[in-house]
Amino acid sequence: MRTYQILYKSELNASQYEAVKHRDGPILVIAGAGTGKTRTLTYRVAHLIEDGVKPESILLLTFTRKASEEMLTRASKLLDYRCSQVTGGTFHAFANRTLRRFAKRLQFNHSFSILDTSDAQTVINNIRDAWNLNTRGRRFPNKATIAAIISKGVNKCKSISEIVSAEYSHFSDEILTLEKFKIAYQQKKRDQQAMDYDDLLVYLRDLLKNNDDVCKALSKQYQYIMVDEYQDTNIIQAEIIQLLATTHQNVMVVGDDAQSIYAFRGAHYKNIMNFPKQFSGTTIVKLEENYRSRQPILSMTNAIIEQAEESFQKSLFTTKKKGVQPRMIVLPDEENQSRFIVEMITKSSKKNKIKLKDMAVLFRSAFHSNHLEIQLKNHGIDFVKYGGLKFLDKLHVKDFLALLRIMVYPYDEQSWRRVFLMMENIGSKTAQKITQHIIDQQKGYQGLFSYTTRAKYAQHLESLKRMLESIEQETQLEYIARSVLSYYEPILERTVDNAPQRMTELKSIAEMLEKYESLDNFLVDMALDPPNSSVDDEAVLDEKDQTRLTLSTIHSAKGLEWRIVFIIWALDGRFPSYQSLENPEAMEEELRLMYVASTRAKEKLFITCPTNVYDRRLNDFLDQPSTFVSSLPKSLVDWHYVDD
């Protein structure tokens, strides 16, 4: 009988232990909110290795790099260094590594570039302009809408026609053009030796499906596969898992059907529901003991999810039996809602000594907090809102990365054009002309050196040439970063008012770069798993950022928790949205959204409903409390009505 270093049975609850000790064959772990999902996956990694499984034969797929790193770090502390040898990362990162290894099978160079969302839209816009689709009287979708239509088609495995008919019917006359546009977009990316995020998954799926030797080799290499947040996978990701398990059925997927809230970006709720059908003989384990919330909150959330048409039945419970019931506050209007939130936050902070960072206001859509934000500012309450402009979408950050990308990806037209458009006296046509010269030269960024001109912008080109020549043989990333920053700083000072602040952000990226082995690895990580802010480590965040109240969309709040949570706009027509009221599938997703929001609360939960709200689109007043709450047994919710 094997002796284990870790005392699994005493350190885990019964359900967690059952999942952890499972070795061979498929297993579905239904992990309710706050039930120790991460702990279970961490201990499973350690248990497999203690059981004699080689670390390099374990594949751990998560939805963020941070999640896999955290799990493997914890596992290493539990057991030893072997856990750090497990292959872990996101689906996209795993696809990137695998595709570079087998790039020739797909007629790609192993140094293909990855287009982020903004870069992909730039390629699309270039095609849109070249096709002259901006003619007067013609309403053709903009670059963001075209990108969304193509991406939704890929992720949902549907045709352009199906996506447009279902979600963009006002563009139904343009279906044929959009189908041709998608083909042109695919060809343009291939010409540039580039892939967007969706391509990474599609090409990996196709590689495995069309190359039996590769599929079997990878399946034999990764004998034990673990997938986190399986309810958020799309159809392609589920196919990839099935293909990787070709020579075995050793797949553990962990997730919660009740927290599937990403259908809008292609997540397929049925993946987790159908897993036992796709993998015969699946063991199902339910994690139901909650370590986050008090029982009155769990009793309400259990009742919310019982309304779902299709779900794995579970009932969350906790040893924290005492606590106050969730409160539903019905108010006369939005102004009174904001006033109530401000008063409760002020009272909780000053009288009950609860820190602002331990409270959160959650909402279905980002604009729902607009009025509240003004009131919070008026009362001097510091807050941070999640859902604004992403760090890598900032113009100065994209400029800096473009300067780095041209050194690694010689066919990256978007980056070359961006670099030239930073220069005075260079417009779109000239930028394209110089870019085409470089690509035609087939010499990488050295193609620029043979471009000569007497135009006004010549001095700017010479400045760029000098910078590139200075780092041509350089391998020290610190020197490369410093040289690029020195080149870019005067450009930034010429074009923006707050250059010092922006340079500080760029220096933080340069510091990240210095920790990498190669510029290529850094750029891949920036594309696949970018930081949300200039500093990705809480330890070095501004003190103020660690003390603020949180305002967040529910989608951005998933996986987080606070002592006190306010869910605002629980009003039919807002939450659920009026678009969902007549759509059963959309209503199911909104129900799960309410469940996710409610399970963020540890001690107190307030749900607010402003009434007497006029909706211009409907030309009617909204006054009915959210059906998700009003349909619950009255014994589970403490209702309060506030007069003006």
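Placed from the backbone N, Cα and C atoms, the Cβ positions cover glycine too.
Keep in mind that TrEMBL annotations are predicted by a computer and have not been checked by a curator.
Annotated ATP binding site per TrEMBL: Ala31, Gly32, Ala33, Gly34, Thr35, Gly36, Lys37, Thr38, in sequence order. For Lys37 (ATP binding site), the number of other Cβ atoms no farther than 10 Å from its own Cβ, over all displayed protein chains, is 22.
Residues or ranges marked as domain 'UvrD-like helicase ATP-binding' by TrEMBL: 10-294.
Residues or ranges marked as domain 'UvrD-like helicase C-terminal' in TrEMBL: 295-559. The average pLDDT computed for the domain 'UvrD-like helicase C-terminal' (295-559) is 87.
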Query = So for Thr35 (ATP binding site), how many other CB atoms are inside 10 Å of its CB?
reply = 25
Ask   = So, in DSSP terms, is Ala33 (ATP binding site) helix, strand, or coil?
value = coil
Ask   = Which chain neighbours of the ATP site, leaving out Ala31, Gly32, Ala33, Gly34, Thr35, Gly36, Lys37, Thr38, have a Cβ atom within 8 Å of the mean position of the site's Cβ atoms?
value = Thr40, Asp256, Leu287, Asn290, Tyr291
Count of other CB atoms lying within 10 Å of the CB belonging to Gly32 (ATP binding site) = 28
